[in-house]
Amino acid sequence: KMSSEAADLRQRKKQNCTESDKMAPEERNKENSKLGRSPKYMLIQRFAKLFFGCLAAVTSGMMYAVYLSTYHERKFWFSSRQELEREITFQGDSAIYYSFYKELLKAPSFERGVYELTHNNKTISLKTINAVQQMTLYPELIASVLYQASGSEEVIEPVYFYIGIVFGLQGIYVTALFVTSWVMSGTWLAGMLTVAWFIINRTDTTRIDYSIPSRENWALPYFACQVAALTAYLKKNLNCSAEKFCYLLVNASTYTFMMMWEYSHYLLFVQAVSLFLLDSFALAQTEKVHEVYKIYLFSLFLGYLSQFENSALLVSPLLSLVAAFMLSKCLQMNMKKGTFMSRLLKIMYIYLVLTITVTLNFLLKMFVPHKENEHLLKFIEVKLGLNTTKNFTMNWLLCQESLQAPSQDFFLRLTQSSLLPFYILVLIICLFSVTQVVFRRICGEPLKETVKLEDGRIGERPEIVYHVIHTILLGCLAMCLEGMKYLWTPYVCMLAAFGVCSPELWMTLFKWLRLKAVHPILLALILSMAVPTIIGFSLWKEFFPRIMTELSELQEFYDPDTVELMTWIKRQAPVAAVFAGSPQLMGVIKLCTGWMVSSLPLYNDDDLLKRNENIYQIYSKRSAEDIYKILTSYKANFLVIEDSICNEVGPVRGCRVKDLLDIANGHV
């Protein structure tokens, strides 16, 4: 029975594709004949619109990449510095990622370099690690292969090649946001406004300024491509060739995104929840949501194999949700329509899926051996006030700026650039329209096959509903943790730009207001052009001079103490020496000198977190004998004390390293 229903589903899908492919030209021809336009004229017009839109999208991405490169050069005087001074600009975990890229290039062969990374015992004392798995070094593997295979050794220095790839990916990121807004609104004017808002609010949209090699800078461009392809894939009346192309792009970008960032499955889980709610209210084609869930399953399977059987993917909430969704669909398909049980299942569908998801995730964590970010779960408990702790690591994480609630300055910056007011306006209109559609669906009213401009029903478009749910979920996370704003703000830019440039959104508003004095369709078309134009000119007048000043201003980044320390280590320290100190500084020492260190600034490994806490004891009130025992237990020969920690004046009370250690040790 299941196979016959699946076959019917595929047959219906093929029929729908062929019907839409046949109907689209016929409908366009009828419309053109009414307007007195020839099909040839319309074809040229569509091609010109597509060509100039693609040109604008690609140009925006390239200009942004050039802008980042120029700003980086001005900020660090990169081209005029020695190699050591350049490497010092990579701080904390960024230094570690780039150091492994250097090691790969120094290896006699790529295979040998990969082997040394997967069996690495030259980085952390008394510890052999699989650096590729533990630190998600696939970006560095790809960068090193491209650098050597393209014969770039004689053309460009490794550091320029590396940061050039990252800046290029940021250009793709911006292009993908441009395309998403364009697909939703139907005009590439929305894409231009998205890019403008993204660049103006760069402080809150990306961490590229001060953490180039971070994993999200490699991963989020692929997620943006996936979202762009998914937006087009969810559209109604999409022809078969476009649907297949979008499906393949979603497939490729989902898997790539999962390989680039260890926390990618959490972001995909948020997306999966959005699609689940979209399907639960019958606002999208069920088979399309089903296909996307299959992509998640396929990507998780490939990721598990590619990432050395990464157990974190097996116990991820994404896998549990996908399995629960598919199981619930199987139950629905096996039940006869119209029966009491089928009606009850339809009513209890959301509750059923959530219950199965939680139960399955609990069972997987019981039976699958894993060390899947246990400290992350403890952190969430403490953050939500469900638990209290004196643990140094937990309190130190809670004190990090990125894990605090967003400051008032964040909302003030978004308001000054006019982004937040327009986002709230667009979100409210879309949310009310979606609510209306959901009530109609509950009352049994079917969705329209094609939503026309005069209908004023923007909430019936599945891609719009998906983005509304997605931004609300990401926004809730951003309100709790400031670091999440880098995931939320880019899509705020995109949704706000789509809204002000969409005639459908204005028409939806005018339908509610019941305008009679002016023709609502004409007014909607005028406003969808006039409002973004006015916003664009005001942004140009206020922010363009600031951006140009930023690029023309020569800044200076120089740290003579760190340069002196690295130079001394290279000249004076024995080759077998082990250095101890704060994890952030140890990352820089590893990159600039290659010497072994006792700890690293990585927070996904319980053993490393414990090491970091033990090494930090040098700043506590514990006795010299205790400190000596700790350091010698890690075979440390040299200890680096930092004035910045000794004389720390933290912005948050009780968040100095010394204070946290005293609380953890019971000295205060």
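Each residue, glycine too, has its Cβ placed from N, Cα and C.
Fair warning: this is a prediction, and the values are worked out from it, not measured in the lab.
Database features, via TrEMBL:
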- 1-34: region 'Disordered' (REGION)
- 19-34: compositional bias 'Basic and acidic residues' (COMPBIAS)
- 50-71: transmembrane segment (TRANSMEM)
- 182-200: transmembrane segment (TRANSMEM)
- 266-284: transmembrane segment (TRANSMEM)
- 304-327: transmembrane segment (TRANSMEM)
- 348-368: transmembrane segment (TRANSMEM)
- 420-443: transmembrane segment (TRANSMEM)
- 487-509: transmembrane segment (TRANSMEM)
- 521-540: transmembrane segment (TRANSMEM)
For the transmembrane segment (50-71), find every same-chain residue at least 6 residues outside the stretch whose CB is under 8 Å from a CB in it, and list them. 163-164, 167-168, 170-175, 178-179, 182, 188, 191-192, 195, 198-199, 208-209, 547, 550-551
Winner by Cβ pairs under 8 Å against the transmembrane segment (348-368), considering only 266-284, 420-443, 487-509, 521-540: 266-284
Stretch-level contact, the transmembrane segment (266-284) and the transmembrane segment (521-540), CB cutoff 8 A, at least 3 pairs: no
Which residues of the chain, 6 or more past the ends of the transmembrane segment (521-540), have a CB below 8 A from one of its CBs? 185, 187, 189-190, 192-193, 196-197, 200, 417-418, 422, 453-454, 497, 500-507, 510, 515
If one takes Cβ-Cβ under 8 Å and requires six or more residues beyond its ends, the residues near the transmembrane segment (304-327) are 118, 130, 132-133, 136, 259, 262, 265-266, 268-269, 272-273, 276, 290, 293, 296-297, 352-354, 356-358, 360-361, 364-365, 368-373
